[in-house]
Amino acid sequence: MSAIVDIIGREVLDSRGNPTVECDVLLESGVMGRAAVPSGASTGSREAIELRDGDKGRYLGKGVLKAVEHINTEISEAIMGLDASEQAFLDRTLIDLDGTENKGRLGANAMLAVSMAVAKAAAEEAGLPLYRYFGGSGAMQLPVPMMNIVNGGAHANNSLDIQEFMVMPVSQTSFREALRCGAEIFHALKKILADKGMSTAVGDEGGFAPNFSSNEECLNTIVQAIEKAGYRAGEDVLLALDCAASEFYHEAEGVYQLEGEGLKLSSTQFADYLANLCDKFPIVSIEDGMAEGDWDGWKTLTDKLGKRVQLVGDDLFVTNTKILKEGIEKGIGNSILIKINQIGTLTETFAAIEMAKRAGYTAVISHRSGETEDSTIADIAVGTNAGQIKTGSLSRSDRMAKYNQLLRIEEDLGDIASYPGKGAFYNLR
């Protein structure tokens, strides 16, 4: 039995210099698991609650000492002595202990740190790499990365309304070569921006954040960078967007306001706007193309683009099986973004991935804009054979930690490692 004998929660800092929760779980055998949780900037209203202290005199109210205290007291008492290999039972214990629908009492940040640390300790105890512990012998597929090379919206201080412009290398036969492709495009883009006298400063997720006059200008520049790096847009590399449309949706008026372009659009008009971009550029994936509460708009977008473009629900589904089930039944979107801190335990995370796959939806494993050096999501991506990962640009060590872990996993898998390329979009025609 892998009995838990000690649990230590602590406050550490994330990639934005804000406090977050880290947890150590020690087992009877002496092995330890350590995990740190991320934090988002643009968040869905139905995400599990991240517990913050609210003391404005300390870290501007963003301290997490209450969450840490919950780990070191209540949670510790509840799971001390339990078997770390019983992940589902441990997570259910945490959920029952919290007793709320949104994990607002103990805090999803406290619960997730414990859930992850327990899994890492159990994997160590079993002598297995984490991806293998999660997925067993069937875990062998590396994910296609969504590489966020231009940041806008809530992730940058510029004129772009769309939050993320991403490249997805798809013609390569290994993750290593896909990563090289993305890195070369990133550096080609930096040179193009510098030559134009545009900013090469990076945003929260490591992408550039220059002031483009329009979304089309940004996309054209990315296509130039792909070609400058020696690749073919539409063949070797596809494009992806994260609109984060909830951030510029005005519910009272029912309009999407693209301030950077001086546009006010209805849901139908915004769906047409996105369809026009897909006609002009090799866009294979659009995340949060409509606001989380605009389900009619989502239905319009899905009917218009859902057979040829991956439509990913992030704020829409918030990694929640109840909401995802409703979306599947109504034919909303065709993919879910998986963010472990939106739901707060690994068991619930895996349930959302499984539900998506059974319905023919894709699942994209994702970081948050406020990250840490923790690379668990890389192991989740391979352990679940998700096929896609979204973990930032080709700069900032908090993003590189995930990419480098995927390189290690691919090396560990050896000849049985596979890279899906365009096959990652198994539900598109």
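Note: Cβ is positioned from N, Cα and C throughout, glycine not excepted.
What Swiss-Prot says about this protein:
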| type | residues | note |
| --- | --- | --- |
| ACT_SITE | GLU205 | active site, proton donor |
| ACT_SITE | LYS339 | active site, proton acceptor |
| BINDING | GLN163, LYS339, ARG368, SER369, LYS390 | (2R)-2-phosphoglycerate binding site |
| BINDING | ASP242, GLU287, ASP314 | Mg(2+) binding site |
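Features as recorded by Swiss-Prot, highlighted on the structure.
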residue : record                               : DSSP (3 states)
GLN163  : (2R)-2-phosphoglycerate binding site : coil
GLU205  : active site, proton donor            : coil
ASP242  : Mg(2+) binding site                  : strand
GLU287  : Mg(2+) binding site                  : strand
ASP314  : Mg(2+) binding site                  : coil
LYS339  : active site, proton acceptor         : coil
ARG368  : (2R)-2-phosphoglycerate binding site : coil
LYS390  : (2R)-2-phosphoglycerate binding site : strand
Among the recorded positions listed as GLU205, GLU287, LYS339, the Cα nearest the Cα of SER369 ((2R)-2-phosphoglycerate binding site) belongs to GLU205
As a whole number of Å, the Cα atom of GLU287 (Mg(2+) binding site) is distant from the Cα atom of ARG368 ((2R)-2-phosphoglycerate binding site) by 14
Expressed in Å to no decimal places, the gap between the Cα atoms of GLU205 (active site, proton donor) and GLN163 ((2R)-2-phosphoglycerate binding site) is 11
For ASP242 (Mg(2+) binding site), the same-chain residues 6+ apart in sequence with C-beta under 8 angstroms from its C-beta are ASN148, ILE162, GLN163, GLU164, MET166, ILE286, GLU287, ASP288, VAL312, ASP314
Taking every pair from GLN163, LYS339, ARG368, SER369, LYS390, which the record gives as binding (2R)-2-phosphoglycerate, the longest CA to CA distance in angstrom is 17
Spacing of the two Cα atoms, LYS390 ((2R)-2-phosphoglycerate binding site) and the residue listed as 'active site, proton acceptor', in whole angstrom, works out to 10
Those same-chain residues, other than ASP242, GLU287, ASP314, found with Cβ within 8 Å of the centroid of the Mg(2+)-site Cβ atoms are GLN163, GLU164, LEU241, CYS243, ALA244, ILE286, ASP288, VAL312, ASP315, LEU337, LYS390
One should report the C-alpha separation between ARG368 ((2R)-2-phosphoglycerate binding site) and LYS339 (active site, proton acceptor), rounded to whole angstrom, as 7
For the binding-site residues GLN163, SER369, the largest set of other C-beta atoms within 10 Å encircles the C-beta of GLN163
Note: in the chain of the residue listed as 'active site, proton acceptor', residues six or more apart in sequence with C-beta under 8 angstroms of its C-beta are PRO38, GLY40, ASP314, VAL318, THR319, SER366, HIS367, ARG368
